[in-house]
Every structure is written in structure tokens, then in C-alpha cells.
Amino acid sequence: MALRAAVFDLDGVLALPSITTSWARAEEKLALPRGFLNEAFKKGGQDGSVARVMTGEITFSQWVPFMEEDCRKCAEDSGIRLPENFSVKHIFDKALSEKKINYPMLQAALTLKKKGFSTCILTNNWLDDSAQRGSRAQLMCELRPHFDFLIESCRVGMAKPDPQIYKLMLDTLKAEPNEVVFLDDVGTHLKPVRDLGMATILVRDTDTALRELEKVTGVQLLQTPALPPTSCDPSALSHGYVLIKPGVRLHFVEMGSGPAVCLCHGFPESWFSWRYQIPALAQAGFRVLAVDMKGYGESSAPPEIEEYSLEVLCKDMVTFLNKLGLSQAVFIGHDWGGVLVWNMALFYPERVRAVASLNTPFMPSNPNVSPMEIIKANPVFDYQLYFQEPGVAEAELEQNLDRTFKNFFRAHDETFLTTNRVRELGGLFVGTPEEPSLSRLVTEEDIQFYVQQFKKSGFRGPLNWYRNMERNWQWGCKGSGRKILIPALMVTAENDLVLHPKMSKHMENWIPHLKRGHIKDCGHWTQIDKPAELNRILIEWLETDARNPLVDSKL
């Protein structure tokens, strides 16, 4: 029978360095004999303190004194003296603080899952009440979404190598033994697995283990292209609603803890456009709030054009922060969301911890030139003139939502659309296929999510963002001459045909602390076109420029 399930140990397999490697480093530093800590650990035995901590009978902090005593006994038996600064707690704290995800092994698990394998983490673990418990919690939060099942010894009251925990694993997977491969870095944990009839791999180093895993599964795992970042399942997220004023609410999804990061999408999109960024930013230690902007999805879509002026939209976002009790947030925007976040930084700098825009440059209002003059002078913006007459573009875009989104969400080398001569042609989709093919950027499920969202909201609200050019210009002129002095990031996309990188050329004149990121071979839909590259740029910038300073209560 073919293998259809893969089970991974945590320590020494999915997370490195292994505890034994950390012990060896501690032994060297403390001038203890090699293997000393492992011998002391074994003294706890399957019937002693180790079994009690691994099965959740006692916590880590309760177990530490037992390990201290076992170390003292081992030292006496070996005729050595423990250093004065010897501390089991410090050794384990250090080991946990150093532990990182073994990404090649994780990618192998993801590849197998994509090929139809069920995946499971089976780990001997303790109830962690130590000073480093946050590190362990973060590690588990990062790994858990990638696996179908997680079995922790301290949660089920049994631990490896007890055969009962492997039988529980088989029941959980609903698999026969000969359908499962199990990877562990401890040989004694594998013997009962083999006795039950499962395939086993003893992990000494990652490359060798992956070669063995390739061989037994028949799936290529080495030298494979990196898988895209994890996407969001809308049904598995926390959804929230903030009442901005009577009749107007903003919907958002939320993930993570830490400094708040508010994600603002563009046209014609949804919070779902950030589906590859939300988990990555949350795992990096941020509280992510991805908003359905006004007019979209489950947020309110009032019909009045003036409801979508930048002045009103920014006031809405300030109310959004107030209602959530947030004094500041990092604002990251794309397309129209980029315009919004630059204006938040310009008019409400005290509420913006840092600001970043994808594709959309900061373009200060010129009191001497109206925006309509600029748009009319640039043929690539003709579509915006087509959007001005209420009801016209709505009729075209709402006629066949499946066609609409398959036309919009395309890579730069797949596009059917032209943004110039739209009025002359009589519409944005004139000359495009009635049944467009699916772009490589999206799945059919992605398209249907947008279809369902716009069945709720329609296109009037989203198009009203374009119908406030004069109001936005007049408001923007009130900030004429101001500079944006807060931490800022501009991410350009090489192949965005409308928001071309050259448009951001002079931004440093207005934003002296501006940092930049540039993504090659990327079109307009940056978040889904190059999600891994974007996530790397955003996380590096957030870590250096956007961590919240300590705030003292004023009460």
C-alpha cells in the first residue's frame, strides 16, 4: 500500500538546533564531560520525573529541581564538581531561545501536503511555564497552521516511545501503519514505530533525511522551487466590525499579537488581497488588521460620492483606531490604499507609527495644477475619466463578475486590458475575451471569493473613490509644503504599467526618511504576484523601523 501520511518530530527535525546539540554546547561552555546532561536526563527515566513532565503530570518549572538533583547525582557518580554558575533553568532557557524552524524540512512537509499527504507533528513536549514560554508558543503558532494534526505528549498523557501514542497517531490520521512514514532524531523513538509496521527515518542531518524521504515517498523534495507563503482561509480567521457612524461600519480580519499593522487594499479588491501577507506578518510578531475599505465586501457602501473623499476616509480610519483603542498603527497600503495611507501620514502623523505603500507613490497636491489636468494629459489614466460618470462603469463591471475579476487579476505578461483609449473604445473590457482564462496569480476559488464579495457591495462604492478628484485636491492643498517625517517605505513593482516605478523618483524630497524596496518581474497586483519577496521586504522594514516604542500610561 502506498504511503499517504507523513509524521514529523518537532525537536531536531522541524526545529533546530536539537536539545542534544544545545546540551553539547552548554557542556563545552561549562567544561562538563560530553554527554553529561543527556545522562542526567536519562536518570529521570520513563518511570520518573521525565515521564511526569512529558505526560503533563507536572510543569517544566516543577520538573527543573528534579533535573538539578539528577545532575548533582551524575556529578557525584563521575567524581566531578558542578560549576558555581550551573543552572538547568538557564541551560534550557538558552536552548529554547535559540530554536528556529528548519525551513527545508517544513517545505518538504508542505510539498507532501500539496501532493495529498496527511501531515502531523508528534512531539514529546512539556507544559511550559518558563521565562521562554513565549518563544515556544511562537514556534508552535508558526508551525501549527501548516500541518493537519498536532499531537503533544503533555496534552494526551502519553509520550514517545510508549506504543500507545503511536496508536493514537494512527487513529488520528485514520491510516494503516504501512501508509505512514515517521521522522524522528531519537533512535529509541523509532523502534516501536517500526514494530507497528511504519516506515521510519532517523534524522541526523536534514539533507540526508530528505533524500530518504524522497526515496520512500516518490516525491521530489530537494532542489524544488520554494512554495508560496501560506494563504488565509477566510472561514478560519477572526472577523471584526467597527461602527464608524450610524449606518457605516468597517469590516476587518485580524491575526497575531504585537504592534498593530493596518493593511489597506486598493481597487477593485478586498481584505483578501492580503491573504499571503496576513499570516507572515502575524508570525513575525505583529497584530495584523486587514480592512475591507469603505465600499467593499462586508464594510458599508454608502451611495454618496462625498463619503469616499480622502478627508472622510482618513477620518474613518482615525475612528477605526479610536474604537479599537489603538493610539497608533503601522499603515500599509496598495493602489488606492496607498493614496490613503500617505494622506494618513500627512494629516494624522501622530496616529501613524510608520507608513508603507506598494506601487502607489506619494504625490503632493500642487495648488497650481488640478488633478484633472494631470489625468487628461496622461493617456494611461484615461480609465479614470471613464470611471467618472456614475452608473456607466458600474454597468460594465457588474455585468459578469467572473469575467471582471479574471480580466483584472492577471500577471503583467497575461493582461488583456488597456487603460488608455477606454472612453474611445466604449468600455474597459471591449475587445477582451468573454470567458477569460484563469491567470497563474489566482485560483478559481480566489476568483469566486471576489465574486461573492462584490455581489454584496457592487461597484458604486469602489468607483466613488475615483469621483472625488476635486475634493481630494482641495484637501491635499491644505498640506502643501509639508514633509512626511515618520518612518516610511516605498515598494515599487518593475512591471506595473500604470503606477510605474519612475513615478516615485522624487519622493525623498518630501519624505526624508524614506526607505525603498523594489520587486523585479512584478506587475500591479504585488501582494499576490510576488508574495514571498514582498513579505521579506515588509518584515525587514517592520523589524527595523516600525516596532512600537514603549509608551507610559498618562493616567
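Heads up, the Cβ atoms here are built off N, Cα and C, so glycines get one too.
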- Query: Swiss-Prot has ASP9, ASP11 binding Mg(2+). Which one of ASP162, ASP171, ASP185, ASP195 is in the same site?
  - Reply: ASP185
- Message: Taking DSSP as the reference, which of helix, strand or coil describes ASP11 (Mg(2+) binding site)?
- Response: strand
- Three-state secondary structure, ASP185 (Mg(2+) binding site) (per DSSP): coil
- Task: Determine, to the nearest whole angstrom, how far the Cα atom of THR123 (phosphate binding site) is from the Cα atom of ASP9 (Mg(2+) binding site).
- Result: 5
- Rounded inter-Cα distance in Å - ASP185 (Mg(2+) binding site), SER370 (phosphoserine): 67
- On the 0 to 100 scale, where does the mean pLDDT of the region 'Phosphatase' (1-224) fall? 94
- Under DSSP, is THR123 (phosphate binding site) helix, strand or coil? strand
- Which recorded positions from the set ASP9, ASP11, LYS191, TYR466, CYS522 come within 10 angstroms of ASN124 (phosphate binding site), judged by C-alpha positions? ASP9, ASP11
- Task: Show, in sequence order, which residues other than ASP9, ASP11, ASP185 on the same chain lie with their Cβ within 8 Å of the centre of the Cβ atoms of the Mg(2+) site.
- Result: LEU10, GLY12, VAL13, LEU14, ALA15, SER18, THR123, ASP184, VAL186, VAL203
